[in-house]
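Undergrad: Below you'll find the structure I mean.
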Amino acid sequence: MDLGAVTKHSASHAKPNGLILQYGTAGFRTKAEHLDHVMFRMGLLAVLRSKQTKSTIGVMVTASHNPEEDNGVKLVDPLGEMLAPSWEEHATCLANAEEQDMQRVLIDISKKEAVNLQQDAFIVIGRDTRSSSEKLSQSVIDGVTVLGGQFHDYGLLTTPQLHYMVYCRNTSGRYGKATTEGYYQKLSKAFLELTKQASCSGDEYRSLKVDCANGIGALKLREMEHYFSQGLSVQLFNDGTKGKLNHLCGADFVKSHQKPPQGMEMKSNERCCSFDGDADRIVYYYHDAHGRFHLVDGDKIATLISSFLKELLLEVWWGDWLPCETRLIREIVPVYCTKTGVKHLHHKAQEFDIGVYFEANGHGTALFSTTVEMKIKQLAEELEDKKRKAAKMLESIIDLFNQAAGDAISDMLVIEAILALKGLTVQQWDALYTDLPNRQLKVKVADRRVISTTDAERQAVTPPGLQEAINDLVKKYKLSRAFVRPSGTEDVVRIYAEADSQESADSLAHEVSLAVFQLAGGIGERPQPGWMAGS
Ligand SMILES: CC(=O)N[C@H]1[C@@H](OP(=O)(O)O)O[C@H](CO)[C@@H](O)[C@@H]1O
Ligand SMILES: [Mg+2]
């Protein structure tokens with residue numbers, strides 16, 4: 001490791017004085033102009049991680065649904081997963097090191113993690129469409145090359161595509177070919193295999209309006225659409241030709257404001273969806289005949305997918321072989337909660353033979369264990385008639401899900417296939433169950449770390465008295481719950497409340513936000529009723 005070269009190069013990627021950043025739930029994220037040094041340093045870190053794991057590591061330059069002026073970076077681990085927690089700490093340490101300490105920090109990390117510095121390193125890099133992303137990804141490359149790492153720069157990619165590339169490269173191509181072409185072919189083939197079983201091919205099921213948040217999703221969907229156009233035609237809105245990235249559009253806007261994105265022409269009962277800025281989230285929605293907006297979010301996506309998988313599994317039913325956990329699917333699909341953040345959900349889902357996870361904001365996928373995958377492949381050959389058909393469908397749906405990360409394009413194709421196969425309209429899907437009215441608010445406090453939580457962030461441990469106050473407020477409303485937690489991506493405290501009516505949910509959320517303001521050191525304006533509603 002040529003540490004002299006590190007010092008020389010890091011001087012041209014200088015850290016702004018006094019800037020402290022943390023590798024949070026989504027990597028580093030802040031104003032793009034403050035990130036050059038972080039990119040360079042993440043290039044260095046990726047090389048160490050690659051040497052340690054003897055695998056290809058990914059670096060994605062994106063700030064997802066944040067405004068255009070922001071940017072960010074996250075590292076992708078060997079199996080396409082989020083970076084391991086101990087390395088998140090190293091990332092924070094390296095990003096905040098003063099220039100003169102860089103060498104020491106790099107040596108420390110290498111020692112702690114037993115990195116063999118003689119080992120080769122290979123890094124793949126992707127970036128979103130932000131104007132700052134190209135230059136920032138060059139800084140990543142600088143970091144990689146200074147430490148002697150090899151790299152492949154994929155250029156523009158969705159975040160889940162980069163996760164896919166990493167996974168493919170580390171599984172010797174068994175998962176798929178590590179090219180965008182390979183990704184398009186794998187997913188489209190699975191989608192067409194699945195949908196050819198659909199009896200209803202009426203127009204209603206075969207066209208979809210997609211709001212691409214003026215981001216990378218538009219470019220990639222355009223490249224991909226002719227691969228699957230036999231089964232689905234997509235009409236793209238907010239494709240980046242006019243509007244600003246994530247501005248009044250995209251999955252995050254639609255979910256948090258509960259209204260359609262700007263620039264989308266919606267007719268009543270038409271099925272529409274939105275991606276976020278790096279295309280790892282998707283939400284669906286429609287206007288009913290009375291012009292009322294209905295959001296079909298991650299919870300409903302998870303329900304649609306798990307009930308479909310359950311049906312297929314019951315059809316195939318392989319009796320005695322079925323493992324205990326899966327056996328439960330006969331009655332019910334067990335549900336677990338984790339802390340916020342896809343990495344927590346992903347790891348929980350991996351504990352099962354089949355794990356379906358989604359955040360309400362539309363980030364998620366389904367994971368299948370190797371045992372299940374092998375068994376299904378075998379059954380698809382051995383079984384006959386209806387059972388064989390169901391096994392084949394399971395085989396295709398496994399291929400259609402991105403096993404490395406939540407993926408808007410892959411999820412969209414899964415959902416479209418299921419709706420077509422089941423002959424469901426978006427309204428019928430929406431009616432699978434009724435959500436309790438809910439409200440999300442955010443409150444600014446001086447230091448959001450004063451709030452600590454337990455029980456998958458459903459109980460506040462500190463500050464003293466806050467949980468008791470919430471409990472008392474919740475008792476005033478029927479069918480109610482409320483949670484508070486510090487955000488992992490913004491300097492705010494998030495409040496969630498639900499109750500038997502929208503009015504009650506709003507009022508409970510407001511009362512809880514007042515309690516947070518009082519007990520957790522609120523700053524600025526005191527929360528007003530209806531204040532920041534929908535934020
Ligand atoms: C309400 C909401 O959408 N929260 C998002 C957001 O986290 P916060 O901790 O709420 O800021 O970003 C996370 C990372 O992308 C994502 O996992 C999470 O679901
Ligand atoms: Mg995203």
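In case you wondered, yes, glycine gets a Cβ from its N, Cα and C as well.
Where the annotation comes from TrEMBL, it is an automatic prediction and has not been curated.
Relevant sequence annotations retrieved from TrEMBL are reproduced here:
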- 51-97: domain 'Alpha-D-phosphohexomutase alpha/beta/alpha' (DOMAIN)
- Ser64, Asp276, Asp278, Asp280: Mg(2+) binding site (BINDING)
- Ser64: active site, phosphoserine intermediate (ACT_SITE)
- 118-167: domain 'Alpha-D-phosphohexomutase alpha/beta/alpha' (DOMAIN)
- 178-283: domain 'Phosphoacetylglucosamine mutase AMG1' (DOMAIN)
- 330-423: domain 'Phosphoacetylglucosamine mutase AMG1' (DOMAIN)
- Glu359, Ala360, Asn361, Arg485, Pro486, Ser487, Gly488, Thr489, Arg494: substrate binding site (BINDING)
- 369-400: coiled coil (COILED)
- 461-513: domain 'Alpha-D-phosphohexomutase C-terminal' (DOMAIN)
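I'm curious about the neighbourhood of these features; can you describe it?
TA: Within the same chain, residues at least 6 positions away in sequence whose Cβ sits under 8 Å from that of Asp276 (Mg(2+) binding site) are Ser64, His65, Ala213, Gly215, Gly217, Asn246, Gly250, Ala251, Asp252, Gly362, Ala408.
Classification of Ser64 (Mg(2+) binding site) by DSSP places it in coil, neither helical nor stranded.
The average per-residue pLDDT of the prediction over the domain 'Alpha-D-phosphohexomutase alpha/beta/alpha' (118-167) is 98, rounded to a whole number.
Annotation note: Arg494 (substrate binding site) sits in a strand segment as assigned by DSSP. Arg494 (substrate binding site) is surrounded by 23 other CB atoms, counting those within 10 A of its CB over all protein chains shown.
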Undergrad: Do you know which of the binding-site residues Ser64, Asn361, Arg494 end up with C-beta under 6 Å from ligand 2?
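TA: Passing the 6 Å Cβ check against ligand 2: Ser64.
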Undergrad: If you skip the near sequence neighbours and keep only those at least six away, which residues in the chain come within under 8 angstroms of Asp280 (Mg(2+) binding site), Cβ to Cβ?
TA: Ser64, Thr158, Thr159, Pro160, His363, Ala405, Gly406, Asp407, Ala408
Undergrad: Filter the binding-site residues Asp276, Glu359, Asn361, Pro486 down to those with CB closer than 6 A to an atom of ligand 1; keep them in sequence order.
TA: Glu359, Asn361
Undergrad: Taking the Cβ of each of the binding-site residues and counting other Cβ atoms inside 10 Å, which one has the highest number: Ser64, Asn361?
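TA: Per the Cβ count, the most surrounded site is Ser64.
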Undergrad: Between Glu359 (substrate binding site) and Asp278 (Mg(2+) binding site), find the distance joining the two CA atoms and give it rounded to the nearest Å.
TA: 16
Undergrad: Could you check what DSSP calls Pro486 (substrate binding site) once collapsed to helix, strand or coil?
TA: strand
